[in-house]
Amino acid sequence: MASKLLRAVILGPPGSGKGTVCQRIAQNFGLQHLSSGHFLRENIKANTEVGDMAKQYIEKGLLVPDHVITRLMMSELENRRDQHWLLDGFPRTLVQAEALDRICDLDLVITLNIPFETLKDRLSRRWIHPPSGRVYNLDFNPPHVHGIDDVTGEPLVQQEDDKPEAVAARLRQYKDVAKPVIELYKSRGVLHQFSGTETNKIWPYVYTLLSNKITPIQSKEAY
């Protein structure tokens with residue numbers, strides 16, 4: 001097994017189970033799970049320069065632009081040069097993918113293809129704890145007490161854009177933006193697509209793919 005550091009990216013629409021797959025990859029293979037959403041929240045909380053820039057867009061209900069996200073992620077990656085990592089939520093656009101190209105070569109890109117109906121159902125069952133970013137699903141990881149965060153006891157909310165009418169628009173937007181990114185990685189031969197309606201059925205294939213690239217630190221049964 002090569003000792004080279006593994007550079008991986010996971011792509012998938014909202015509700016695709018991306019967060020769960022990332023957690024399992026991190027646990028089983030020791031990759032650092034680098035989530036752009038998590039870094040955004042941390043930077044906004046810490047009032048960093050890039051956090052304040054991002055906050056101005058978020059407060060207006062706008063998407064954080066490429067140059068802000070790219071700057072944020074580049075500094076995080078700079079601090080992790082000696083670690084295996086898995087990027088989640090970045091790159092979302094071709095501009096971001098090109099920026100990432102300038103600092104590293106990716107070894108593999110995982111993309112999750114989940115049918116629209118499944119995504120719609122999952123998102124309608126999704127509740128979040130905004131301060132921490134913790135996500136609950138009423139079907140497969142419900143909170144201990146309905147409507148309450150397990151850790152803090154604070155109330156959970158359903159995001160406006162998880163409501164059914166907003167989901168279709170979000171998925172269309174994701175597809176439009178992700179398509180050129182997916183095509184780019186496909187043309188390089190690093191893209192691996194996984195399709196299905198259940199994360200537990202997709203996971204063994206993801207596990208096999210990764211174990212050909214990096215030695216697992218624990219068996220795949222350990223979810």
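Numbers here mean position along the shown chain, with the first residue as 1.
Keep in mind that glycine also has a Cβ here, set from the backbone N, Cα and C atoms.
Sequence-distant neighbours of G17 (ribonucleoside 5'-triphosphate binding site): residues of the same chain at least 6 apart with a C-beta under 8 Å from its C-beta are L112, I114, R122, T199, I202. According to TrEMBL, the feature ribonucleoside 5'-triphosphate binding site maps to G15, S16, G17, K18, G19, T20, R126, V135, Y136, T199.
Positions annotated as region 'NMPbind' by TrEMBL: 35-64. Long-range Cβ contacts of the region 'NMPbind' (35-64) within its own chain (Cβ-Cβ under 8 Å, at least 6 residues beyond either end) map to 19, 22, 71-73, 75-76, 87-90, 92, 133.
Look at TrEMBL and you will find S36, R41, L62, L63, V64, G89, F90, P91, R92, Q96, R170 tagged as AMP binding site. When other Cβ atoms within 10 Å of the Cβ of L62 (AMP binding site) are tallied across all protein chains shown, the result is 9.
In the region 'LID' (125-162), helix, strand and coil residues by DSSP number 3 helix, 12 strand, 23 coil. The region 'LID' annotation in TrEMBL covers 125-162.
Residues or ranges marked as domain 'Adenylate kinase active site lid' by TrEMBL: 126-161. For the domain 'Adenylate kinase active site lid' (126-161), the list of distant contacts is 14-15, 19, 37-38, 41, 167, 170: same-chain residues at least six beyond its ends, Cβ to Cβ under 8 Å.
G15 (ribonucleoside 5'-triphosphate binding site) has R170 as its nearest neighbour among the binding-site residues L62, V64, F90, R92, R170, going by CA to CA distance. Across the region 'LID' (125-162), mean pLDDT in this model comes to 89.
The Cβ of F90 (AMP binding site) has V9, L34, S36, I69, M73, Q96, L100 as same-chain neighbours under 8 Å, each 6 or more residues away in sequence.
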